[in-house]
């Protein structure tokens, strides 16, 4: 029995390479939005949730996100969406519905494959009402752009922190430099100061000696026979 080997030619290799490189088969980039995922009435959903909050639950927010254009807003929404999901697990049925309504407005961030959060990220405790207000602000910032002028957010997949302030020198104006930076005294400057003070010291000594001599002379005139001090 003869087994026929499949025909293979350079044209087959070229065809396979073209298929692998085809953008249609590779899919869209991560964090890509061809249309705006933000609804026109998202503020109403946030307002309803805020109005029904019986307790201002404590949450945390990142305070040192890098101020990267459009990325910072996306990062803030990504962190807020994690909190909304967590609050849904402990909320009552009515609150769960309101939380889910808000979650649908920011759930689009889950389509982005973000990298693990960096260790440099710092969080502070705040209340859920503050988080909702900030989230609404970030949606307002993204709405005019996302799905329109800006569609590909793949450069935002790595959450970045601001540089540590302890390693940076604060900016200082020339006026501030003139007001705060005084030159340190140097030995040469001290010597110059002593040379300037020396003539004044000699003048004062001479004046004191002359005054003393005049007083002694007057005493000699009043009491003859008392020797006067010799003048240098």
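The backbone N, Cα and C atoms fix where each Cβ goes, glycine too.
Listed in Swiss-Prot:
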DISULFID  31-112  disulfide bond
DISULFID  71-156  disulfide bond
DISULFID  120-161  disulfide bond
SIGNAL    1-26  signal peptide
TOPO_DOM  27-189  topological domain 'Extracellular'
TRANSMEM  190-210  transmembrane segment
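A straight line from the CA of residue 71 (disulfide bond) to the CA of residue 31 (disulfide bond) spans 11 Å. With every protein chain in view, the residue among the disulfide-bonded residues 31, 161 whose Cβ has the most Cβ partners within 10 Å turns out to be 31. When the C-alpha distances from residue 31 (disulfide bond) to the disulfide-bonded residues 120, 156, 161 are tabulated, the minimum falls on 156. Across the structure, residue 161 (disulfide bond) and residue 112 (disulfide bond) are spaced 19 Å apart at their Cα atoms. Residue pair residue 156 (disulfide bond) / residue 120 (disulfide bond) shows a Cα separation of 17 Å. Between the C-alpha atoms of residue 120 (disulfide bond) and residue 112 (disulfide bond), the distance comes to 21 Å.
Most Cβ neighbours within 10 Å, among the disulfide-bonded residues 71, 120, 156: 156 holds that distinction in the structure as shown. Note on residue 112 (disulfide bond): other Cβ atoms within 10 Å of its Cβ, all shown chains, come to 18.
Across all of the topological domain 'Extracellular' (27-189), the predicted model scores a mean pLDDT of 85.
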